[in-house]
Amino acid sequence: MAAGSCLLLLLLPWLVTSSHSPPGCKIRITSKGLDLVKQEGLRFVEQELQNITVSDLHGKEGQFHYNISQVKVMDLQLAFSDLHFQPQQHLVFNISNASISLRFRRQLLYWFFYDIGSINASADGVHIHTVLQLAKDEAGRLKISNITCNASIARMHAGFSGTLRKVYEFLSTFIVTGMRFLLSQQICPSLEHASLVLLNSVLDTVPVRNYVDEHIGIDYSLLRDPAISADTLDLDFKGVFFPRTRENQELENHAVEPVIKETERMVYVAFSEYFFDSAMHAYFQAGVLALELEGEKVPKDLEVLLRATFFGTIFMLSPAVDAPLRLVLQVSAPPRCIIKPSGTSVSVSAFLNISLVPPGRPAVQLSSVAMETKLSARVFLQGKALRVQLDLRRSSPQLFSLQGPLKTLLQLTIMPLINERTKKGVQIPLPEGMDFTREVVTNHAGFLTVGADLHFSKGLREVIEKYRPGPTAPAYPSPWPAEPSTDPHPL
């Protein structure tokens, strides 16, 4: 028993470490970013509250029968609002001392007298307190998993007009009290639907697992629930690429975990060496890190340089002197990314075979060399796409006479092809309609961070309407008979 307890104690640190998978990509939203979200969110809340549907109010007092219907919100005044983080997984949204202007239709029946008209009313001292819980769903996507809401109306006033105005003023206590109750009961359901359905439809636009190109894809699923402090919201993404032919194959993550300490900008995105290594590993597994050039595809300057380098060998092959050249470059192992405060580089190991291919005859190999090349990498953002531009830094010095031709091959052929492939970049996991501005890339030991501000290129409403589910709201029949239409009837 004692031995088992000792073994458990020895294994406990390993179990704790293994349960915490390091992210390849991390995003931090700061209080400044939340302030921008609040501005857009407040416009969205106003639009949702203006669409509140209030049930008809009808009743009887003695011989008076009344009905209130067609309630419509005419105006909103949200005097004070606040959106802030609440540890560990919550956002808190408060509206205080707001006012709501309403107009609704009245119908009154007293003995044989029937009166119809409209009533203008105002709800003052409106207070709304909502708490949104954020969590990772089964697909690894950030979602609003729950909402708690409390709404209250301090006072309500109504103005009456018409032939039975005095009667309505007598009944105003019943009508206003009932309308205040009905209105306050509709605020929270409206915001719950807006959060759990509409806002979650915006979060559905965040890329989780999708294809980058015809060869590889990327997995941006969350590793765990968001971590929320008083000033920040941190999201840990898997951030791993995979070959499309082997979608379940992933590179194991042994890289340094990104650490974000800054809070000055609206958002920070960090990428570890693992993020870039997995991309290159996926391309390697997909079998696309190879290049073959033959005949006219070999750049003329390079061909002249190679023929001069191998002049003696080619001259001895008299019948094949004018045969086309063939160059085959094959990466021998997945390239590795190295991120240091001084810069980012990529180490590549490859084999280069140089041959002559006389027509109708077997190819004649001129040289086969192993090469080690280190490429400098410039990482930057363009819109929401993370892009990498590579440049030749230095190649292995032990290549002697082939050093010049190889550099020419890399500069004229390989580098343009690689940069063209990476030109599209890969999208960072942000919702549709939200973009970066004023980006700054900073290198650290083992990872890099991108600090930026945010702006909405599309409003929440525009994105929601694009992905809004079909209408499901039931129609509520009125207990009162339909009134004759005042519109002229066609003959």
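Including glycine, each Cβ sits where the backbone N, Cα and C put it.
Looking up C188 in TrEMBL gives a disulphide bond to a cysteine among C149, C337, identified as C149. Within 10 Å of the C-beta of C188 (disulfide bond) we count 17 further C-beta atoms, all protein chains included.
Cβ neighbour count for C149 (disulfide bond) (all protein chains, 10 Å cutoff from its Cβ): 17.
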